[in-house]
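Participant: Before I ask anything, let me first share the structure, which is written out below as structure tokens.
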């Protein structure tokens, strides 16, 4: 009876999940989304403004810097909190509220699924700092800029595809409703397929051009 009572308190699927000590979401959805969106806009707009002072930076390079700072801080702060907070569903902090809300679209976060923790751990610890390094590399025209961006993008694509594939292999029954499934699980994560794909293609072309140019230079040397 205690297990049934505990399970009935949370909004996640399947309904028989046991989350002892679960603290219901207290913040309204508008607040949860609003804080994240506004803080993200502030950071990206700040970087967009500062990058405008850098010499000879194209709009694409400035947009890339904004993307990398946004996704980097998301990996480090948001996903980092999840990785190192195994019982976030008992907490009432803002970051805990974010994950309790998102778990409506994928309850594997609430249950600390090993595949999810592993993927998010690598993302937070490796990809997050690498994204910040990418901002610096673009700003200072480092020679490794395109290689770094290409590597991070492939990592993000791999992580996102693994995220979807592991869900499919486990039955893909982790959303409490179709709305949360398509809004949280499908739509939000799709950005980490579309944007990294575009960046990877761009970097691949830039790397190929650079290698081709270097090859031509070598053939001209007597």
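Note: Cβ is positioned from N, Cα and C throughout, glycine not excepted.
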Participant: Would you mind telling me which of 90-114, 115-139 TrEMBL tags as transmembrane segment?
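Facilitator: Range annotated as transmembrane segment by TrEMBL: 115-139.
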Participant: Can you tell me which recorded stretch out of 25-51, 115-139, 146-167, 179-201 has the most Cβ pairs within less than 8 Å of the transmembrane segment (63-84)?
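Facilitator: It is 115-139 that shares the most Cβ pairs under 8 Å with the transmembrane segment (63-84).
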Participant: I'd like the per-state residue tally for the domain 'EXPERA' (60-200) from DSSP, helix first, then strand, then coil.
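Facilitator: Final tally across the stretch: 110 helix, 0 strand, 31 coil.
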